[in-house]
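Below is one structure, written out as structure tokens; comments come after it.
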């Protein structure tokens, strides 16, 4: 046979099956475009945080593309089996069919990659400008094409399409023409409710939910998160496969419900196809959960940045660490000299010594250290962990411009923002007893919110008491101890640019033995980190949303073709068009919104664990996260409903 015939047959196949191939090509084009854009950003964002985040995004999209295109290809090959079987019956050898299918795959690859690269090239600059706007970085004008990103994209998708071709050829190779002819019409026997699988699904789901609910430590939450995710995914598939069949059979036993035209048709049809239905519905549920988690977490992190910025009360913080009661290096005088040499006048100066440390409630009204190699440290709940920043009374009075007095054995306590005032009249720390003389105002110094734990400023009467506690910490933690900081903090002229402040930081570091924090640089770094994840979360969220829509569409189309003969027969015996619409609506409402509900349940149970993981990224505003999650869920539900409304029409057009 002439090769031109294979090309014409392949082109004719794509044209005749446009209803199923067009969405496939559009989704492939979109995936190519997204991958190219992320690869373009990864190659043009340097080797810093943004570049690494974009590289991570490109890897995720590459893995997703492989799975997604394989999944959607399975729908296409199922619809093609009758046609391929007919070619075999008419005398076409399998090697001829293979060549035709190779041309089909080549055409799909060329259409997807060429159009995808064109779309990616068209939107890459706009997306880059949006990306830079989110990061609040200078806009780089000019249009650029990245040959490296295009080459990586072409090679990746060439490999994916080649693998789908091999999968299709294998199915044809192991089948006889008569099997292919009937392949798309093979029904299923009525499945039995698999109670062992249902019990396994409940156990797996309950185990995943339990891990999410009972973990009280962010470190354990990080360790167990992926185990919980795997348990919930497996439990979801097992539960959908088993309980969906049982639920439909229970509906069939309800005579009042079942013997209504719209319910009779939808329930009876879905029972026989529920094995395939269940896997698709579970996939939709998992993808929906992924979209909700990804968008809500990255949006919350980005929105919560300003709260993190409030930790910084001065433009610069110069710190020298010491474990000596003699005081060690004091950075204030050398730093003032450097500032004077560079033409800066320090403003709002602060000079103090502090020690920040974590303690755990000992169950007897006091607090103690838990060594880092102690198993109890990992098991401690966040509610039992207390952060203290210790100051001497002299330094505190200078910071708040007051003249508090303390006797020996007394302390002042100041609750940081978001922490309730200390309610006990006595405080015991590491076996040392103190009377709480008063709760006072917190000083205006840097204080990070570590994983949402309570934070108090502990003001002790003198340096002797200060070092008594500091030495206890060194004794317990050794090389892992947090040492005393001699701090010099100040502001500079508001007109100083970020680059000028960066240069000043370099000069201050030159004095040696100091650590210098520049607020402007830290904010820029945080903006890049959280902004990159926000951008990636929205980008991948839209990609997964497209995948959800495509799976829903192919489910509806596939079932429409399976049901068409049944509905044609029923129309011949008197079923009206309105009754068909009613049956379609019943089928959608009975089953297809179940994944959305289950995705919502997954989010509710996962919320506590995810909130703990967010605290590791310094987002401790649970209210903000909860609000963002609720908004994302309802927005997704609206889009989900719109997708189903559109695809239900496609189903109705096929069956009618």
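Cβ atoms are placed via backbone N, Cα and C, with glycine included.
Heads up, TrEMBL stuff is auto-annotated, nobody curated it.
On a predicted model such as this, the values are computed, not experimentally measured, just so you know.
Per TrEMBL, the listed range annotated as transmembrane segment is 529-554 (candidates: 503-528, 529-554). Mapped onto DSSP helix, strand and coil, the domain 'ABC3 transporter permease C-terminal' (58-170) counts 98 helix, 0 strand, 15 coil. Between the transmembrane segment (21-43) and the stretches 143-166, 193-212, 278-303, 623-646, Cβ pairs under 8 Å are most numerous for 143-166.
Packing against the transmembrane segment (193-212) from elsewhere in the chain are residues 224, 227-232, 234-243, 245-246, 249, 605-606, 608-609: each is 6 or more residues past its ends and has a CB under 8 Å from a CB in it. The transmembrane segment (218-240) makes no contact with the transmembrane segment (623-646): fewer than 3 of their CB pairs lie within 8 A, with pairs spaced 6 or more apart in sequence.
Note: the stretches the transmembrane segment (529-554) and the transmembrane segment (143-166) are not in contact (fewer than 3 CB pairs below 8 A, sequence gap of 6 or more).
Long-range contacts of the transmembrane segment (278-303) within its own chain (CB-CB distance under 8 A, at least 6 residues past either end) are made by residues 71, 134, 233, 236-237, 239-241, 244-245, 530-531, 533-534, 536-538, 540-541, 544-545, 547-548, 551-552, 555, 591-592, 594-596, 598-599, 602-603, 606, 610, 614, 617, 619, 621, 624-625, 628-629, 632-633, 636, 640. The predicted model assigns the domain 'ABC3 transporter permease C-terminal' (58-170) a mean pLDDT of 80.
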